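Copied over from Swiss-Prot, here are the features:
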- 7: active site (ACT_SITE)
- 7, 139: Mg(2+) 1 binding site (BINDING)
- 66: active site (ACT_SITE)
- 66: Mg(2+) 2 binding site (BINDING)
- 139: active site (ACT_SITE)
């Protein structure tokens, strides 16, 4: 089974695809979608096109998205909600459903502490998947963590 984990962001959208087979996890690919255009409509289209490419190329079975973190800037939260809505619609069209996890759930699943720092989550991602190189930016390790969290909640196959 292939799981796509997504960490939506207003400038970078982290993604990771992991394989979950026989209770073993392995990383297939991970990266981020850089949102560089200035017009919101173009940003949404770029994001959706990139998601389409990932779904086509890697034959994803399940998708997990991290819930929006409510920061102090309402404008950023609204923009992020628009991105997340567009992602959700595309995933529903292509896959049929998706799962959502709060940052607290993801941190707790990987570190045992719902208030863990992003660096602690990145450390556990590397440890669980036997990754020796640095994972930068942290949007990528967050996306991997979302995928791992989802894999942990699935029934063994």
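Cβ coordinates are placed from backbone N, Cα and C, and glycine is handled just like the others.
Keep in mind the model is a prediction, meaning the values are calculated, not measured.
In the three-state DSSP scheme, residue 66 (active site) is classed as strand. Residue pair residue 7 (active site) / residue 66 (active site) shows a Cα separation of 5 Å.
Listed in sequence order, the residues of the same chain lying 6 or more apart from residue 66 (active site) and placing their CB within less than 8 Å of its CB are 5, 6, 7, 8, 100, 101, 102, 103, 106, 142, 143, 146. Taking a C-beta cut-off of under 8 Å and a sequence gap of six or more, residue 139 (Mg(2+) 1 binding site) has these contacts in its own chain: 7, 9, 12, 13, 14, 32. Under the DSSP three-state reduction, residue 7 (active site) is assigned to strand.
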